[in-house]
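S.K.: Below you will find the structure I want to go over with you.
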Amino acid sequence: MAENTLDKVKEQCLELVLNIIPMSQVGFVFVTAVVVKRMSEQHARSAFDALTNLGIRNMFGPDSGMFWTVDILNIGACFFLALLNARVIKAALRHSFKSSRISGKLEHWIGAATSAITDLDKDERAPLRESIAAELEKRMKRYYAKRLLCEVLFSIPAVLVYTSAYLVALCHFKIAILNISWIECIVGAIGAILCFVSHRDSVRYALAKIVPLQVYLTATTGQVAFFIDAD
């Protein structure tokens with residue numbers, strides 16, 4: 001099969017699983033903004049220190065929530081960092097799929113899919129396509145749940161790293177001002193490890209349960225044949 005055909009099918013299939021979930025970074029923006037405000041007011045020397053004795057209501061309550069008093073510049077900076085997180089996560093996701101040697105598997109799946117539907121007419125393909133689409137939607141929900149967990153876990157070490165860097169810069173790069181506890185280091189390390197494990201699990205799930213089904217769905221719509229004919 002032509003390399004160009006494989007690339008087209010691969011891009012179409014991977015486009016479905018490379019989407020980043022925007023909601024995963026909302027908590028990151030809120031928490032980082034509150035920590036930055038506490039640090040700028042010299043009320044904290046670490047992220048955990050900033051969050052000490054602060055409940056959800058104190059942080060985000062509609063009447064007295066600290067988040068609503070954060071200046072727009074700091075909130076904008078937190079949104080920028082959230083976008084940076086999304087780019088890093090997407091780059092890691094794309095790298096994982098590229099390093100999985102998916103091209104060889106795709107060629108096998110495309111061959112199997114086209115062979116399976118060759119003798120089916122238009123009326124027979126329609127219910128098959130609907131069945132595959134319904135199953136794919138169900139699997140995508142599970143995949144997005146796995147990705148959401150991974151991206152939320154990524155936010156934990158990200159908050160610690162970004163806010164620590166902010167505090168050092170705020171104090172004219174005096175690293176000694178930091179007061180990071182062992183608990184913060186352990187939480188950050190555990191968050192990073194769990195994020196990595198969750199990331200690998202989601203990639204394996206996508207390769208085993210989603211991409212093959214997407215290839216079959218593409219075949220039933222005739223798009224695979226279109227790609228082959230175009231070459």
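Backbone N, Cα and C atoms are what each Cβ position is placed from, and that goes for glycine too.
Quick paste of what TrEMBL says about this protein:
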- 16-36: transmembrane segment (TRANSMEM)
- 65-84: transmembrane segment (TRANSMEM)
- 148-169: transmembrane segment (TRANSMEM)
- 175-197: transmembrane segment (TRANSMEM)
S.K.: When you scan the chain for residues with a C-beta under 8 Å from the transmembrane segment (175-197), skipping those not six or more beyond its ends, what do you find?
M.R.: 45-49, 150, 153-154, 156-157, 160-161, 164, 167-168
S.K.: Within the same chain, where does the transmembrane segment (65-84) have neighbours whose Cβ lies under 8 angstroms from its own Cβ atoms, ignoring anything closer than 6 residues to its ends? I mean 6 or more beyond.
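M.R.: Contacts with the transmembrane segment (65-84): 25, 28-30, 32-34, 36-38, 40, 54, 57-59, 158, 162.
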S.K.: Six or more residues beyond either end and a Cβ under 8 Å away: which residues meet both conditions relative to the transmembrane segment (148-169)?
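M.R.: Same-chain contacts beyond the ends: 20-21, 23-25, 27-28, 31-32, 35-36, 39, 44-47, 50, 81, 85, 88-89, 175, 177-178, 180, 184, 187-189, 191-192, 194-195, 198-199, 202.
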